[in-house]
Amino acid sequence: MNDVIGLAPWLIGIPLIGAAILLLGGKATDRWGHWLGVAASAASGVIGFILMFRMIGTPAEERSVDHHLWTWLSAGGLDVDLGLRLDPLSLVFVMLVTFVGTLIHVYSVAYMDHDPHRRRFFAYLNLFVAAMLTLVLADSYLLLFVGWEGVGLASYLLIGFWDTGRPSARENAVAAKKAFVMNRIGDMGLIAAMALLFAGTGALDFATTLSDDTLGSLSEGTATAIGLCLLLAACGKSAQFPLQAWLGDAMAGPTPVSALIHAATMVTAGVYLMVRSGPILEAAPTAQLVVVIVGAVTLLFGAVVGTAKDDIKKALAASTMSQIGYMMLAAGLGPAGYAFAIFHLLTHGFFKAGLFLGAGSVMHAMGDQTDMRRFGGLSRFLPITWITMGLGWLAILGIPPFSGFWSKDGIIEAAFIPVEGQPWRAWVFGTVAVLGAGITAFYMTRLFFMTFGGRRPRWTENQHPHEGSPLMWWPLVFLGVGSAALGLVLGVGGTFVTWLEPVVGHAEHHEPVLPVPVIITSTLVVVVLGALLAFRMYAMSLVPEEAPRGSFLTRAARRDLYQDAANETLVLKPAHGVARLLQVGDRDVVDRGWSLLPQVLSWFGAVFRKAQSGYVRSYAAGMAGGVLVIAVVAWLVVGLGGAQ
Amino acid sequence: MTEFVAPEIDWLALAPLIVVLGAGVVGVLIEAFVPEKVRRTTQIVLALAALAGAFAFIAVLWPQIVVQPVQVVGGSLTLTPFALGAQGIIAVLAFLGVLVVADRTTTGQDAFAPAASAVPGTPYEDLARRSGLEQTEIYPLLLFAVGGMMLFASTDDLIVMFIALEVLSLPLYVLCATARRRRLLSQEAAAKYFLLGAFASALFIFGVALIYGFAGTVRLLEIAQRVQQGLPLEGMSVLLVSGVLLVVVGLLFKVGAVPFHAWTPDVYTGAPTPITGFMAACTKVAAVAALVEVLYRISIGVGGVSPDIMRQLQIVIVVVAILTMVVGTVVGMVQTDVKRLLAYSSIAHAGFLLVGIAGFNAPVQSSTLFYLLAYGLATIGAFAVVTLVRERRITSGTGEDNGPVGEGEGVVLGEATEIAQWAGLGRKAPWLTAAFALFLLSMAGIPLTAGFIAKFGAFTGATTGGLWWLAVLGVLASVVAVAFYVRVLVVMVFQKAPDEPESTGTEAVEAGLSTGSTSEDAVPTSGGAVSAGAAATLTKVRVTSAQRIVVTVVRSRGPAAVAIAVCAIATVILGVFPSPVLGLVEQASKFVP
């Protein structure tokens, strides 16, 4: 391992240099800039592969290597060394980021073909890759924070990428700002966590802070506080309840961005943070429980919202939120859940990126239309997109043997494992996880069939859908194959779980409260029910004459129609109502709250601005008044303090 | 039998001051005797050489002072590592500042009025402009100010400190009044600065008198001793507390802390931009250094004897720190003018510095020095960039009304300081924008820039002093502050310039018009004459229907570009490899002053 470790800094360096060349090179690089971007990402991927192969050949206990880069700060008893940590966990992320990242780079070459600022787009993408790799390769919370801010910046730049010259320009700028503000809230959590950690342990690097000795010396209260602050950070970055509102709006960015940053990689950084900080959470059971609750709430929240969205990208965004909720839930379950959290993160990275790129392909074919009510019947026109998205659909539903099954089922089983002293937990969280799977099946099937199903298209005028260039569909094929097979390859025999064991520790085997086959079967039943319900409502009911068999079923279908109407009033309307309420609450309460903050601040600013009158006499009076006020305050505080 | 004992003077310790002030005197002679043609070059070379020489002497002195601080002329000059460090930083920043001042850019005009004494709008002013007069007295004035600052930061004697305060202030008042454009605004700024400065000086000297009444001495260390010996504290402590409070207020005025900050935005806006940069950076270093010395030396005496007085002192600093941070960041957010924005940023930074100082522990002195260096580099660099972004008046009639503007077309006017005008700068001048962005990020305290390490040090200082909640407030304020720096970045990089081909001619004219007047809250109405009078200055932008104003970036003749590059590189190096410099400044807190 040590002979190739010197390559590790280049993982970050190459895309960073790529971004620098593209940003500073100006128009001279317009012609070939996008290929430079692809090459930089791919080169990083190649280095990742080399490191991966070397690591596979290394004995398990030697797989975690810290590579010291330089001493950043050395002052007054504080030494901050910057270094990279290569271990099975960080390498999984390196592979995900560079592989999916490179595919999305390639896709973007075609997708952004007509954009005058394509070069800048690739510069930001490279910047993102570099920052994301910094985040996952950091060997201390401090360097992690650098990457954390870096991905935030790249995300902000890319969400607002179309903030000029488009009808939606203003909304895009607003969306970018919203993401920025909410991420700052999360960042404050990370800063606070670092401050507490430093106060408690005197260090910020993983090797020291996460060792048993150090954590043993922390009080449980401190550990809980640190854990909750870390959770706040994770909520901001990963769009978890209650900081989830920005993700839907972030879809204003170009679709490849949604696929790479807001589905596959950046938004999962919170899960990485939770798993990486696992030892701290384990020292703080309360914080762990909160993590699980946040995961469970977001899981349902995202899923319910997903059923009500008609915009294909927003539906997928809600789904991302919900799936990350699964990962958070798993990350809060301790060693039994970590491996599955990361496993699901990996498979989700593939199938969700594939679904987003597929959505991009559909939008590309339909003239940037995103409303699913204006799709329909596209399977014949976009066969490759249809098949690859179909694979992603089966994967996210968790149908065996597609990849989502292996990871999501692991999470559901882990959720059913009983916790000593709190028997309710296994039942509550297990049920939520199964229920979520059912709703997921419903909304994904709805999305899939509203887009591709039905013979009667609901297109707007003058649509001539066709597949994009091979640059667009080859990445789809790769991701589709990944969605189909990745779980099987890594899941059978627990390969992936064993791979992560050196980092997350060996999980003691506990029996879930229900037998495993029962869990699997009941999950599948719920999933199939959800999918069937959606299929009936969105694939069949629009065109009831096309019921596959006989007149009896036609009549049944007709009755189903009545039932649909009943469903509409009894189930769907309330569900939609709830969803709408959530949306409204989201928009009117949460959003307004966020936008109120700057307003209050600027009001305050305006008041002070009035005081800046320009009159010397009032300035001098202000100074004299200031002297008095300060004197009085000093007197009062000390006087009162003395009286006590 | 009394014998006359000649005082022993350590001339080497005085050398940095002598070089700078001596060069100032020589500069005055140059004005009188050197022919006009080479006068400017001579002045610039002399000023730069003097500052470099002073820095060389400081470097020579450093190893010696670090081992054993010296007192010269009975403590009038007290060189501790901290004081010498402050002197060194002042010398470096002043050197960079002079580079910016010296740059005439490709327009061939510097930022100063041809004849600063001419009444704006008079025929004499016109004459002076047409005959190409130049005011080279600014260089000796700068040197005097630098000399005053260096002394200000390194004395133990309150009277000497007062003299240094005046020596540094008076040239600055004059310099503020010398702007080539918007002359009334500039003169008004100078008058305000002078009046309020005089007010602050009066408070300062009154405070010194009260302290003298208490202790019978004006030497800080002796005052501390008197307190420790337990002079009749009962009843008399009012004298001490009020005295120290007034002295501190006088210093806080120079630092630009709320509620003594009101001059800052107006003066920063009115003064010629290179002077603003110099003043914002160097004055702050000197004033903060002096503040630290006064506070920390007094606290040695007070700390053990009277915890109550100590707490009062600390509370004053804490209250001012909070006010300063809050007002600086919040009011900064609603600014629409780059120079005003940087002024509020400078106020906010004063607050962050005070957060560290309020911790009252020795290591803070080191981190304060680092902070001042980091802040000074970013400030001089940022103002240098502002000097290069100009308005250009295009007189149309050639038929190509709204087409792209060629290099050298039209007349280059003053600086385009409206933030909205900076839209699209990223495309026009990517390197300049990158440098400016870097300075803003450093001010915002983003990791891997010098500003981050600086803020980290300041907040650590507060936590070690037991004021962790103040540090938390500081972190919150700096998070808010990020917003206003990023706002400028967004405008520069992502917004399209209004004069880019898509826009119509009328819009461009309007954009130009709005900048002809001063920013909304700057409407300078003291005496009531200025707003109306501004119309009469030679620099008033008159836009007729046949003309339009576009924003352009003029090229530096070299010095300013060098200064920007040095500031940018230093900002990055201090952010990424701060260890050597941190090691140096760490020695500054070895001796409690």
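Each Cβ is built from the backbone N, Cα and C atoms, and glycine gets one as well.
The feature domain 'NADH-Ubiquinone oxidoreductase (complex I) chain 5 N-terminal' is assigned by TrEMBL to A:72-122. The domain 'NADH:quinone oxidoreductase/Mrp antiporter transmembrane' annotation in TrEMBL covers A:138-430. The transmembrane segment annotation in TrEMBL covers A:6-24, A:36-56, A:89-109, A:121-138, A:216-236, A:257-275, A:287-305, A:326-343, A:378-399, A:426-449, A:513-535, A:619-638 (among others).
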Is the transmembrane segment (A:326-343) in contact with the transmembrane segment (A:426-449), using at least 3 Cβ pairs under 8 Å (sequence separation of 6 or more) as the test? yes
Please give the sequence-distant neighbours of the transmembrane segment (A:89-109): residues at least 6 beyond its ends with Cβ less than 8 Å from one of its Cβ atoms. 11, 34-35, 37-38, 41-42, 44-45, 48-49, 51-52, 55, 121-122, 125, 129, 132-133, 136-137, 254, 256, 259-260, 264-265, 272, 275-276, 342, 345-346, 349-350, 353, 357, 360, 471-472, 474-476, 478-479, 499-500, 503-504
Under 8 Å, at least three CB pairs between the transmembrane segment (A:257-275) and the transmembrane segment (A:36-56) (pairs 6 or more apart)? no
Sequence-remote partners of the transmembrane segment (A:121-138) [C-beta within less than 8 Å, at least six residues beyond its ends]: 8, 11-13, 15-16, 18-19, 22-23, 33-34, 36-38, 40-41, 44, 84-86, 89-90, 93-94, 97-98, 101, 104-105, 108, 112, 115, 144, 146-151, 153-155, 157-158, 161, 254, 256-257, 260-261, 265-266, 269, 272
Tally of helix, strand and coil residues over the domain 'NADH-Ubiquinone oxidoreductase (complex I) chain 5 N-terminal' (A:72-122) according to DSSP? 29 helix, 13 strand, 9 coil
